Each structure stands twice: as structure tokens, then as C-alpha cells.
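As annotated by TrEMBL, domain 'Tetrahydrofolate dehydrogenase/cyclohydrolase catalytic' applies to 6-120. Positions annotated as domain 'Tetrahydrofolate dehydrogenase/cyclohydrolase NAD(P)-binding' by TrEMBL: 139-281. Summarising the annotation, TrEMBL assigns NADP(+) binding site to Gly165, Arg166, Ser167, Ile231.
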Amino acid sequence: MKAEILDGKNLALKIKEELKREVQDLKNQGINPCLAVVLVGENKSSQKYVSFKEKTCKELDIKSLVFRLPENTEETSLIKLIDELNENSQVNGILIQLPLPKHLNQNKVLERISPFKDVDGFTPFCLGRLLIDSPLFIPCTPKGVIRILDEYKINLEGKQAVVIGRSIIVGKPLSLLLLKRNATVTMCHSKTMNLQDITKKADILCVAIGREKFITSNMIKKGAVVIDIGINVTASGKVVGDVNFDDVKEKASYITPVPGGVGPMTIAMLMENTIHAAKLQQRVAI
Ligand code: NDP
């Protein structure tokens with residue numbers, strides 16, 4: 001067997017084209033979607049992600065404001081900026097690029113964002129709404145994963161879905177979304193014992209751990225759908241996932257590549273959430 005590639009890059013392009021048209025429609029109604037991104041410190045990956053977000057906003061004609069703050073920014077200044085952005089009616093979405101420098105309390109900072117501008121979906125309010133099956137903003141990466149599965153008409157109902165990784169950014173919300181689609185979900189993490197026994201039972205295996213090529217073909221079931229969320233930079237500077245793609249693709253039925261899988265979908269979903277925020281705030285029918 002050779003797995004079919006789940007082409008997130010192409011799907012993201014298609015979605016962005018649709019969103020571009022939607023932005024123009026909103027502009028014709030006098031609504032100008034605007035995303036504010038806050039980056040604290042010098043983290044190289046974060047700088048790269050923020051530039052991607054800025055570039056994609058430009059492509060879609062969404063206004064973007066980027067606040068680049070020094071590493072030693074005090075929590076009170078960051079909170080003050082968030083308060084100002086919450087109050088600013090021109091700003092529809094607010095995103096704090098993670099991870100924050102260690103001296104800042106991430107939960108406290110995220111909690112300060114108005115839930116109606118929380119395009120990343122990480123505030124307790126938005127995560128709570130997800131938990132009660134009434135989402136306001138769905139975190140972008142898990143949302144992108146479900147969108148890929150839908151695009152390829154992969155049925156989740158009654159399937160064994162295994163998610164490795166339990167962050168609020170990826171693993172936990174993704175588990176909730178899979179559960180909502182009636183998959184039987186198992187969550188694994190660094191303390192999980194006999195991981196391979198669990199992954200080998202997965203019809204759908206989603207991996208978000210940040211460990212280069214960690215999943216190999218002996219860890220998966222024949223015909224499994226493998227979603228690789230990991231982004232790791234090798235010693236030689238190459239970007240690879242958490243799954244050993246070349247090995248696993250021979251045994252899986254579907255697989256996301258890295259790059260070109262979940263990554264581009266995450267940004268497309270961020271744009272979608274920003275447009276959703278603009279509509280919410282302008283009370284446009286959604
Ligand atoms: P975190 O570091 O927050 O979480 C990693 C999770 O993996 C933790 O729950 C940890 O367990 C678990 N874990 C680590 N090692 C193992 C192991 N050996 N076996 C089982 N579980 C393990 O990472 P994120 O969720 O933020 O990101 C995960 C990966 O996804 C990263 O590579 C990141 O770059 C990528 N990512 C990609 C995105 C995209 O757009 N494609 C977006 C966001 C992230 P424990 O909780 O016990 O510590």
C-alpha cells in the first residue's frame with residue numbers, strides 16, 4: 001500500500017481564495033477585517049510564523065498590525081496593550097504569539113484577550129465553549145486538521161482516534177473535535193505507557209509532540225490515517241514532522257506531509273477566524 005497524500009497546501013490555497021472573495025464582500029459593506037499580532041522577544045520560529053501571518057493577511061487584503069515587543073517586556077505593559085486592542089473597534093482579532101518569554105504568565109496574558117477577538121481560541125471562555133459543543137473560535141491547528149479530514153471525506157464516526165500530545169494549542173482541542181465527530185478518542189502524552197500498543201490500534205493517528213520522525217511504521221496499523229502536526233527543524237535546517245514520512249507512507253492509507261500538510265491549514269484557519277471575528281463584531285449574519 002502507498003498512502004494518499006493529504007495535501008494541506010493546496011487545500012489552504014483554495015480556502016484562501018474563497019476568503020479573499022469574502023473579505024472583498026465585507027469591504028463592500030464597509031467592514032475592514034483587521035488582525036493584531038503581538039510578538040514578545042526574539043524567538044526565531046515565532047518571528048518566522050508572525051511574518052507568515054503578516055504576509056497572508058496582505059494576500060487576503062486583511063489589515064494586519066504587528067506589535068514586536070522586547071524580550072524583557074513587563075507583564076503590566078503587555079496587559080495594557082491587550083486592553084487597548086480589546087477596546088480598539090478597528091481591531092477584530094488579537095493573537096499573542098506563543099511561547100511567551102518565561103517571566104510572563106501565559107495563562108494570565110491569554111485570559112486578558114476579549115473572547116470575541118480571540119482568533120486563536122485559547123482563552124478559557126473559548127476553550128470552555130468548545131467543551132460544551134458551542135464553539136466561538138476553534139483553535140486554528142485542530143480546526144485545520146478536521147478540515148483536511150473532511151476534504152478527503154474521511155469518516156470519523158465510530159473510529160479509533162489516537163491523539164499524541166495534550167497541549168491546549170493542539171492535542172486537547174483536537175481530541176474534543178474528534179469526539180464531537182463521534183470518534184472514540186484516546187489521548188497520549190509523555191507519561192503514556194506502552195504507547196505503541198495504543199498507536200497500533202488507531203484508525204486515525206494524530207501526532208503533535210515535537211519529536212523529529214518519532215512515529216515509525218511499526219507503531220501504526222495498516223491503512224491508518226496519519227496526521228502529522230509536528231514541525232521540527234533538523235540539524236541541517238530541514239523541516240520535518242513527528243512522523244517518519246518515508247517509512248509510514250508505505251503502510252498508511254492517508255498521510256499529511258511536513259511541510260505542506262497541517263501547517264498551511266493553520267494559517268488559513270487563522271484568516272477564517274479573523275473574518276469570523278469581523279462579522280461577529282459587526283453583527284453580520286454568520
Ligand atoms: P507542547 O510541547 O506544548 O506539547 C507536546 C506534547 O507532546 C505534550 O503533551 C507532551 O507530553 C507530549 N510528548 C512529548 N514527548 C512525547 C513522547 N515521547 N511520547 C508521547 N508524548 C510526548 O507542543 P505543541 O502542542 O505546542 O506542539 C507540538 C508540535 O506541533 C510541535 O512540533 C509544534 O511545532 C507543532 N505545531 C505545529 C503547528 C502547525 O501549524 N502545524 C501548530 C502548533 C504546533 P506531556 O504533556 O506529558 O509533557
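Cβ atoms here come from the backbone N, Cα and C positions, even for glycine.
Values in this document were obtained by computation on a predicted structure and should not be read as measured data.
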Cβ-Cβ under 8 Å from Ser167 (NADP(+) binding site), same chain, 6 or more residues apart: which ones?
Ala208
Across the domain 'Tetrahydrofolate dehydrogenase/cyclohydrolase NAD(P)-binding' (139-281), average pLDDT on the 0 to 100 scale:
98
Please classify the secondary structure at Gly165 (NADP(+) binding site) using three-state DSSP.
coil
Within 10 Å of the Cβ of Ile231 (NADP(+) binding site), how many other Cβ atoms can be counted across all chains shown?
20
For the domain 'Tetrahydrofolate dehydrogenase/cyclohydrolase NAD(P)-binding' (139-281), how many residues does DSSP put in helix, in strand and in coil?
54 helix, 26 strand, 63 coil
Cβ-Cβ under 8 Å from Arg166 (NADP(+) binding site), same chain, 6 or more residues apart: which ones?
Lys172, Ser175, Met187, His189
Let's see if you can do this one: DSSP helix, strand and coil counts over the domain 'Tetrahydrofolate dehydrogenase/cyclohydrolase catalytic' (6-120), in that order.
60 helix, 18 strand, 37 coil
Would you measure the largest Cα separation among Gly165, Arg166, Ser167, Ile231 for the NADP(+) site and round it to whole Å?
16
